[in-house]
């Protein structure tokens with residue numbers, strides 16, 4: 001839904017459906033660590049989805065457009081960048097992601113690391129002409145560098 005939509009509300013609904021669909025898979029084992037991972041995933045994704053909705057409503061209020069490609073309000077662009085960084089687990093919103101992966105089964109962790117990233121990345125590509133390229137490059141470089149550096153310290 002998110003990947004094929006041009007309307008902010010449909011994109012937001014698609015993000016929420018993705019979040020709600022993966023939660024039972026994360027907590028399938030009913031282990032306390034899995035339940036904690038599912039709760040953490042839900043809270044972070046709900047906060048990020050709220051920011052996406054707030055960003056789109058702010059942009060629609062200023063421009064009168066609900067079209068994804070008509071993102072022109074600078075505060076909306078900044079809020080959307082932060083929301084998508086939260087959804088993708090980019091620096092500085094990355095602390096939740098390793099703990100969620102650690103509490104998830106292997107196949108679910110694979111889905112969380114790959115397929116569940118497609119909708120936010122699609123939104124990022126659709127709105128990239130309006131977003132700050134320096135901020136996006138900084139987020140990408142810091143995420144790659146910190147991810148590699150922290151991966152060297154991983155023992156589990």
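Cβ coordinates are placed from backbone N, Cα and C, and glycine is handled just like the others.
Residues annotated as domain 'NADH:quinone oxidoreductase/Mrp antiporter transmembrane' in TrEMBL: 5-155.
Annotation comment: TrEMBL describes 6-26 (among others) as transmembrane segment. Listed as Cβ neighbours of the transmembrane segment (6-26) (distance under 8 Å, sequence separation of 6 or more from its ends, same chain) are residues 34, 37-38, 41-42, 45-46, 49, 52-53, 56-57, 59-60, 66-69, 87, 100, 103-105, 108, 111-112, 116, 119-120, 123.
The transmembrane segment annotation in TrEMBL covers 38-58 (among others). Among residues of the same chain six or more beyond the transmembrane segment (38-58), those with a C-beta under 8 A of the stretch's C-beta atoms are 8-9, 11-12, 15-16, 19, 22-23, 26-27, 66, 73, 75-77, 79-80, 82-84, 86-87, 93, 96, 99-100, 103, 112, 123.
Residues of the same chain lying 6 or more positions beyond the ends of the transmembrane segment (78-97) and with a Cβ under 8 Å from any Cβ of it are 15, 40-41, 44-45, 47-49, 51-52, 54-56, 58, 71, 117, 120-121, 123-124, 127, 131-132, 135-136, 139-140, 142-143, 146-147. Residues or ranges marked as transmembrane segment by TrEMBL: 78-97 (among others).
Per TrEMBL, transmembrane segment is recorded for 134-152 (among others).
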